[in-house]
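Have a look at the structure below, then the notes.
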């Protein structure tokens, strides 16, 4: 009885299909173990190699190697077994398709891992922290394009006609773009803000009749806290169409103002005024005097134009300095008896004018008596 069972078992094992299946299974397991050991050794060497250098591409190589899929490694081992075992033409064609799919997906995973590492590195930098939304959008766009290419390539390799599919996607994309044109415009404007960086969160800007501090830059809108306290929400597209004054990018502030003196000021004092103004400005910290000139004669005053620089973009500091300059000029002019001009019109009567008027009036009265 036992001999008959043994003979039946040997007969079952000697079947061609079963022998082929066992061979495929054995080669797959052996290949998978060998590939796992080789991959582990490779990753260990790359990680050790990257730890001894500061070059970024070494870190990327180690990170990418660590993101090799174990499931795809098993599929690769199965392909090795199918390649070793002689199969029919139909199976060989299927194996070739499987080769392409496995490699395409694995390359996609490697590039995806590289994108993740680039995103982490960028967000750690100062520029990345200020533009987290833009970095996320860029990674999302690249990731979407990557897997779309992998999907379409896999379908094409399997024999699916993707030409009509791509054409329909193009037509559908145009229709969707027309339907959400405003939204897409704001999205691209947000990306433009992130790339060009005309301003950042915390910057003080002026556009149109609005002045305030940037609080938030979103996909569609930007929020500005105005000087009067309310929050101004404006679409990114409309904001970029404005002329934007960014005062955080100003290293120093140029200030120009006028001083008006009376025409009754003596000439020697008129000549001394520019040096007097220079002394007042140079005595104040965080300033750089540029010029002071008697520029023109107004209807009621001698007009001086004064230009100086505040060595800081701080607006409050500028106002403090301007106030100190005004106090200094008042004190200096008062000490030298120099008067500021006032827009007052005066009428002066010459001595000949009243005499002629009296003679005319007397002649007129004499004529009235004679008549």
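Using the three backbone atoms N, Cα and C, a Cβ is placed for every residue, glycine included.
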64-85, 196-217 - the range that TrEMBL marks as transmembrane segment: 64-85
Three-state composition of the domain 'Mechanosensitive ion channel MscS C-terminal' (257-340), taking helix and strand from DSSP: 37 helix, 26 strand, 21 coil
